[in-house]
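Here Swiss-Prot flags A696, P697, P698, G699, Y700, G701, K702, T703 as ATP binding site, drawing on sequence analysis. Feature annotation from Swiss-Prot assigns domain 'Helicase C-terminal' to 917-1066. As annotated by Swiss-Prot, region 'Disordered' applies to 1140-1307. The compositional bias 'Low complexity' annotation in Swiss-Prot covers 1140-1283. What Swiss-Prot lists as compositional bias 'Basic and acidic residues' is 1284-1307.
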Amino acid sequence: MVYTLFQVHTLKFNRKDYDTLSLFYLNRGYYNELSFRVLERCHEKASARPNDSSTMRTFTDFVSGAPIVRSLQKSTIRKYGYNLAPYMFLLLHVDELSIFSAYQASLPGEKKVDTERLKRDLCPRKPTEIKYFSQICNDMMNKKDRLGDILHIILRACALNFGAGPRGGAGDEEDRSITNEEPIIPSVDEHGLKVCKLRSPNTPRRLRKTLDAVKALLVSSCACTARDLDIFDDNNGVAMWKWIKILYHEVAQETALKDSYRITLVPSSDGVSVCGKLFNREYVRGFYFACKAQFDNLWEELNDCFYMPTVVDIASLILRNREVLFREPKRGIDEYLENDSFLQMIPVKYREIVLPKLRRDTNKMTAALKNKVTVAIDELTVPLMWMIHFAVGYPYRYPELQLLAFAGPQRNVYVDDTTRRIQLYTDYNKNGSSEPRLKTLDGLTSDYVFYFVTVLRQMQICALGNSYDAFNHDPWMDVVGFEDPDQVTNRDISRIVLYSYMFLNTAKGCLVEYATFRQYMRELPKNAPQKLNFREMRQGLIALGRHCVGSRFETDLYESATSELMANHSVQTGRNIYGVDSFSLTSVSGTTATLLQERASERWIQWLGLESDYHCSFSSTRNAEDVVAGEAASSDHHQKISRVTRKRPREPKSTNDILVAGQKLFGSSFEFRDLHQLRLCHEIYMADTPSVAVQAPPGYGKTELFHLPLIALASKGDVKYVSFLFVPYTVLLANCMIRLSRCGCLNVAPVRNFIEEGCDGVTDLYVGIYDDLASTNFTDRIAAWENIVECTFRTNNVKLGYLIVDEFHNFETEVYRQSQFGGITNLDFDAFEKAIFLSGTAPEAVADAALQRIGLTGLAKKSMDINELKRSEDLSRGLSSYPTRMFNLIKEKSEVPLGHVHKIWKKVESQPEEALKLLLALFEIEPESKAIVVASTTNEVEELACSWRKYFRVVWIHGKLGAAEKVSRTKEFVTDGSMRVLIGTKLVTEGIDIKQLMMVIMLDNRLNIIELIQGVGRLRDGGLCYLLSRKNSWAARNRKGELPPIKEGCITEQVREFYGLESKKGKKGQHVGCCGSRTDLSADTVELIERMDRLAEKQATASMSIVALPSSFQESNSSDRCRKYCSSDEDSDTCIHGSANASTNATTNSSTNATTTASTNVRTSATTTASINVRTSATTTESTNSSTNATTTASTNVRTSATTTASINVRTSATTTESTNSNTSATTTESTDSNTSATTTESTDSNTSATTTASTNSSTNATTTASTNSSTNATTTESTNASAKEDANKDGNAEDNRFHPVTDINKESYKRKGSQMVLLERKKLKAQFPNTSENMNVLQFLGFRSDEIKHLFLYGIDVYFCPEGVFTQYGLCKGCQKMFELCVCWAGQKVSYRRMAWEALAVERMLRNDEEYKEYLEDIEPYHGDPVGYLKYFSVKRGEIYSQIQRNYAWYLAITRRRETISVLDSTRGKQGSQVFRMSGRQIKELYYKVWSNLRESKTEVLQYFLNWDEKKCREEWEAKDDTVFVEALEKVGVFQRLRSMTSAGLQGPQYVKLQFSRHHRQLRSRYELSLGMHLRDQLALGVTPSKVPHWTAFLSMLIGLFCNKTFRQKLEYLLEQISEVWLLPHWLDLANVEVLAADNTRVPLYMLMVAVHKELDSDDVPDGRFDILLCRDSSREVGE
C-alpha cells in the first residue's frame, strides 16, 4: 500500500539511465563517503546555530515537541550518510536521468541546479563549501520554480532498493530477521524491455530508515543558511515538509504491521512461540543460569590467585546489612560529585574487610597477574549484562543496557533501601526524550551487580593503574567537572569512565560492543533447538509479560498498561490497545507511578523464580567479625554459594504417561507403529529390568523407544532425572541433537558440557559419542554423582536416569576401535536407573559379545518374549552383574529387514562414472531428492566431491575431519534442502535420518553385512540402493577379527542368514526387493524404478554420454557462479563462467529452426555443441578431426531436405564448416588457418555485404554466439532466442535469474550499449594497475624493490585477514565485489582487485597501532563493500605510504636482511631494567628449555600461557598429531574466542588466527623443523637433560600468544631499543627468528630472549601483594608501582 503512495510503478529507467546508474555502482564507496562527509558538515554547521525555539512534534514528545536540529552521534550520521548515497548521486546527475524529465523541461529563466558547481563543492574528501548545496535544498523545500520536482522524485525513489546498505549493530541484525519482502516490481521502457535491476523495493523498515536520513539531511542543510526554520513548523510549514511527514507516518504504520511478529501462546510450556521458536520460562532460566555459571567460572579463576570474598559474603555483609543505609534521592544530578555513588555510603570498616588478598607470596603482584585480573573482569562483564537483561523482564534496547552507570551525571543504578534490591532508572530513547522507567532486579541478580561494582570493578581499577588511558572522548559520555572539556586528557576520561559506567571493554577502550554481546545469544541456551535473535527475544519477553505474567485487563487496566510502558512502547500503545486516553506514567502521581512499576517488576520476579534457586538470608546478617573469621578459616577453600531446590510432590508412573508424551511430540493424533513398540516403551518406562537390549530393523523407530520414556520422566515433578545417550560417530551427534530437541519436550545438551562443567540442573538428556563414554573424566563425574548433587543442589531428588547406547554392536564389530572402548569397563553402571542398548544389526551372538566387552554380564540365557512383562525378582546384585534382557523384534516379526528398498548389484567398468549417471538421472526425475554415496577410502571421498560438485551441491565427510567439522557438515546436509549428495566412508551409514533420501550408492568392495544393512537402512520410506563393483575385481577379503565382506549373490538371503531367519533359498519369496523382484516394494518406489529405466533407455537411444546430459541437472554452488570477466578468484581454485559446464555443453533447440556453430580453441581439449532440430527432416552429420581432440559441428539448412556434411582438413588439424543458405544463391565462405588448430567460421548474409563473426539468421529468429576462453579448459556457449521473451541461457542460470530477475543482460545490442561505462572503467583500472596479469603484490605497486619485498612480503594475507563485512560480501563478483553485469575484472587477470585491496589494508595495518587501525576501519567504512573504490582511495596516497614504510621499517629491513645485528648490550634501558639482558647466551637457552619442560610436564595450554600467563590445562594439545586436531583442542578451551574478544586479533576475520596453523608459514616451518636437531645439540652442549623442544604448532602458538600480549610487547619494545613496533603477524614471526648477541656475545634466537623476558614479567616483585581498594576518587596509589 505504501508503494502505491510512492508511485513506484511510474519511475521508469531507460537504457541511458542504466548506463548512468552504473557509475554509482562502479564507485559506490566514493559516493558513500561523499554523502557521509556532506551530512557531517551540514550537521556540524547547523548545530552551531544560535539557540532556536523551533520544535516539531514527535511520537514521544507529542505535546512539547523536540528540537528540529537533533543531536546525532557520529555513528548515526555515518549510517545516515550511507543510506543517502544513491539519492545524492541522483541529485548530482539530475540533468542526465530521464526520471527528472519534468524538471528538465524548465522554461527559460527558471532556476536550474548547477551540477558542476555541486560536484566541485561537495566532491572533495572534506567538503567545506556547502552554501550552494544548502540553498538548493531550501529551494527544493520551497518548490522554487521546478526544483520541487527534483525532491519529489528523490523521495519517491527512496522506495527503491539500491543495494545493501551498511551492516553492523543490533538494528541491522533485526532488519535481516524480517523476511516478508515485497514482490518484485518490473520496470519497462518504451520498447517493452526490462532494463533496470533496481526494482526490488525497500522493505518498510529500510524505507523508514532512508526517510530518517533524508529528513536529517534536509533539516541540517536548510539550517545552514536559512534565517529561521519556520518551513519545518507543523502548522505553518511548507507543503513539501508536510507531505514528507505524511509519507513518513504511512511508512511508520506499515513498519509496525510488518514488524508484527508471529507470536502465539503455548500454555503447555508456560511460554510463547515467536516466529515458530519456543520462548518460555525454561528458555529464560536456561540462558540466565548459563551466564551465571560463566560468571562463576571466571570468578573461580580470580579466586585461584586471591582470597576472594564470595557474592553471598558481600551481600550479607553490606547489601542486606541494615546498619548500612542507602537512602538517597533517585536520578542523576547535573554536577559530577565525588560522592555520587552508592559506594560512598559504605562505611570504611566494611571497605577494608572486602579487599581481596593474594594467595601466593604476599610481596608479589606481577604485571602478568594484573593483566589477568583485567581480562577476566572484562570477560565476566558480558554474562552479567545478560543476567540483568533477563532479570528486569521488561526488555531494554541494547544502547539502554549498554549505558548503565553506577556513578556520575548519567547514573541510573541505585540500591533500594527497603528491599535491598538494585533498581535501575533509565530514560534512554531513540529521541533521547523519554520519561524515566524504574525496573527492579531480583535478589540474586542484585547481589551479583552489587558485587561487581564494589569488588570486581575496584580490583580492575587498581590493576589498570593511574596511567591507563585507553578511552577517548565520545558523545555518549558527559565530561563534567572540568573548566575546559576540550583540554581533558584520555587519562582523565578513562578515570571518569571506570568510576562511572558498568559495562566496559578496557582492552579496546570502549563500551561492550554489540558483536561481543550477541555471541552468547548464538550459543545459549545450549538445550534450545532454535535460538532467538535480539529483536525476537525482546518481543518474546514483552509477550511473556503480557500473557504469562501480566495482570488481567478487566481488573488491572493501569497495571497492564504499565507493563507495556516499561517495555518502552510509545504512549499510543495505551490508547490503541488498552483504551486508555494517552496513558503515561506522568498521568498519575509520582508515588503511584513508582508503585505501579515496582509491582510490575515484582510480578516478573515471582514468575521467573530466580530467588527460589538462591539461598540467602534476608532476615539475618553477618557481622564484620564473622566474615573476618571466615576468611581466616577459608584460606585454602572458598565458601560456596548454597542453593536449594523446591520440593515437588511425588507423582507415580502410569502407562498413560507414554501416550501423553507421544502426543506432546507428534500431536494429538499420535499412535504407536504396532503393539511391539507400545509394549517395549512400557517395558523401558515401567518395568524394573535394569538392562535392556533391543534389536529392531533400521527405520523401525528405535529412537522413540527411549525418547517417549524420557519425555515422560521429564514431566514428573518429584525427581529430576538426568539421562545420557551415546552414539558411535560424531556425524550422528548433530542428527540426534536435532531430533531429540524438537518441540522443546526435552532439554538436550552435549556430554562435553557435563564433563567440563558438571550437571547444570536444567538438562534432561546429555548426548555424546563413544569416546566420551570411555573418557576418564566422564567416569569420575558419574562416580562422584551423589556427592556433587548433595553439595550443589542440597537435595537428593536429582538422580541419574537412563544410560542409552545406540548401535552398540560397534563394541564388538569395530575391531580397530576396541582399544578406545577400554575405559567403559571402569564406568559405574549401577549408578543409573536403567541401561538401554539399541541396534539394528545385533543378533544374540554379537550383542552378547559386545556387552561383555564393556564389562557387563551379557545377555540372559533365554531371550525374553516381547509379550512377557515380568518384574525382576532379585535386583540386589546391581545392573553390572545382572544379565541383559534381549528383545529381538526382527525374529518376533519374522520379516526380513530392508524389503522396502530396491537393491541392485551392478558390475561396471568405472564405479564413479556409473554412480554419476545414476545421480544425475535421479535428480532429473526428483530434483528435490537426496542421495548418499559410500566410498572405500578417504582419498576417494575427496576426489568424488571435487569432481562432482560441478553437477550438484555436495557434502563430504570422512574420519580425518575434526569432530566439530563433522557435526557441522552433517547438520548442513540434513537441514539444507539444496544439498544433494552426502559422500563419505562407512561412518555415514549409521543412524542418520534424512528426509528426501531416495538413493544410496555403495562403492566399497569390502563392506560387510552390518555395514550394508546400516547403509540401506537410511532409506526409511523406500528407495534405491546400488552396489557397484568393478568387473572381474570383486574379492571377498576377510579382514582379521572382523566380519567377512558380503558375497556376490542374493542380498536378501545374506540378510536372512545374518539375522538367523529361515532360509528361503530356491523357494517362493526368496527375493525381497532384490534380484529384480518388485513385489514387496511400495508404489512410489516402483514408479521411481520405472522412471529411472525409461530415462536410461532414452539416453541409450540418443547415444548421449554422461557428460552430455542436460545441464539443468548440473547444479552448481552459488559461490562458483561468476560472469565472463570474473576470471581471478582467490576463494576458489576453479571458476566456471556463465554457469556453463567447464568441459562440455549440449544444447537442443526443440522450438526454433536454429543453427548452432561452436568455436573451439586449439589450446584446450574442448567439446563443441551439437544442435538438433526436431522440426525438420534435415540430417546432421558430425565429423571428427583425428589429429585433435575437437569435435566439429555440422550446420544444416532447415528449409531444404539436403544433408550437409562437414569436411576435415587433416594436414592442418583444422575443421571447416560449410553453411548453405537456401533462400539465396550465395554460399558462405570457409576459412582455415593452417598455422593454428583453430576453427574459423564466417557467415555472409546475401542480403547485405557485411560479414559477422557471431552470425545471425534473420529468417529463423535465432542468434548463436560462440565464446572461447584461451586461458582455461572450458568452452562457453551462450544462446539467445530473440523471439522468446525469456532468458535464453538455461544451462544452470536459473538461480542467477532469480537474483537479477528483471535485467536481461543477454540482449546483445543492449549488452553492448549497457556495458560501455563498464568497459571504460575496466580500461581505466587496467591502465592504473597494469601488472595484475602477473603475480603482482601491493608492495610492487607502491614501488618497492624485489629485495625489500622479500622481507616485507605480506604472506598469509587473504580474505580472513579482513574483519567481518570488509570486502567479504557474497553473491557478487569475487574479483571486484561488484554486480556481475558491472564486473570490471578483465580476461587473463591473475591478481584480482579484491586481493590487492586485502594487501593494501595490510599495508595500512603495518603503519598503525590498534587504536589507530580501528579508527581507520571506521574511516574507510564507505568502501567496506567496494574494494575497487578502496584501491583508488589507497592509490591517491601511494607516494606518502611508500615514504612512511621506508621510515618506519628501515630498522626492520636492516635486521632481517642481516645488515645489522641486535646486541643486548646496546640497550641501556634493557641493562638497567632487566636481568635477562645481563644473562649469557647459555643461561637464556637454559631458561628457554626449562620453560618448555615445565609446560610439557603440566600439559599447559601454550597460547593461553604466553597470552596472559594463565596456566590452563589442555592435554589434547600436547597429544595432537596434526594441525586440525591441534586447532580443535584450542577451540575447546576457548582460546580463539578469548583472543578475538580481548586482543587485537578481533580486528581481523574470525578464522584468521586458526588458519595460521595450516598453510601460511610453510617456509618458516621448514626452517624451524630443520633447526630442531641443532636445539638438541645445544642441550647436550649445555649439559642439561635433553628434553623435547616444542613442535611447530606449539612453537607457533607461543609466538602468536606473545604477539597478542600487549603487556609483554610494550615491555620488550621498551627494553630492546634496537626494535620498534610491528603490527602484522608475519613480520613478528620473521623478527622472532633473527639472532641476537647476548651479554657474552654468543648468538641466540630472539624468540628465546622473548621467552626469558616473558618469564621475568611473570615473576616481577611489587611492593605490596594486596589490592589497595580505597573506594574514593582521590586514590592515587597504583599497585605495583
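Glycine residues also receive a Cβ, built from the backbone N, Cα and C atoms like all the rest.
Since the structure is predicted, the reported quantities are computational estimates derived from the model, not experimental observations.
Sequence-distant neighbours of G699 (ATP binding site) (same chain, 6+ apart, CB under 8 A from its CB) are G1017, L1019, R1020, D1021. In the three-state DSSP reading, P697 (ATP binding site) counts as coil. Counting only same-chain residues six or more apart in sequence, the Cβ atoms lying under 8 angstroms from the Cβ of P697 (ATP binding site) belong to G840, L889, I890, E895, P897, L898, G1017. Comparing the binding-site residues P698, G701 by how many other C-beta atoms lie within 10 angstroms of each C-beta, the top residue is P698. What surrounds the ATP site, by Cβ distance within 8 Å of the Cβ centroid and not counting A696, P697, P698, G699, Y700, G701, K702, T703, is the set G840, G1017 from the same chain. Within the same chain, residues at least six positions away from A696 (ATP binding site) with a Cβ under 8 Å of its Cβ are K702, L705, L838, G840, L889, I890. Here Y700 (ATP binding site) comes close to R673, Q677, G840, L889: these same-chain residues lie at least six apart in sequence, with C-beta atoms under 8 angstroms from its C-beta. Counting residue by residue with DSSP, the domain 'Helicase C-terminal' (917-1066) contains 54 helix, 29 strand, 67 coil.
Packing around T703 (ATP binding site) is summarised by its Cβ count: 18 other Cβ atoms lie within 10 angstroms of its Cβ, all protein chains included. There are 23 other CB atoms within 10 A of the CB of K702 (ATP binding site), with all protein chains counted. In the three-state DSSP assignment, the secondary structure recorded for K702 (ATP binding site) is helix.
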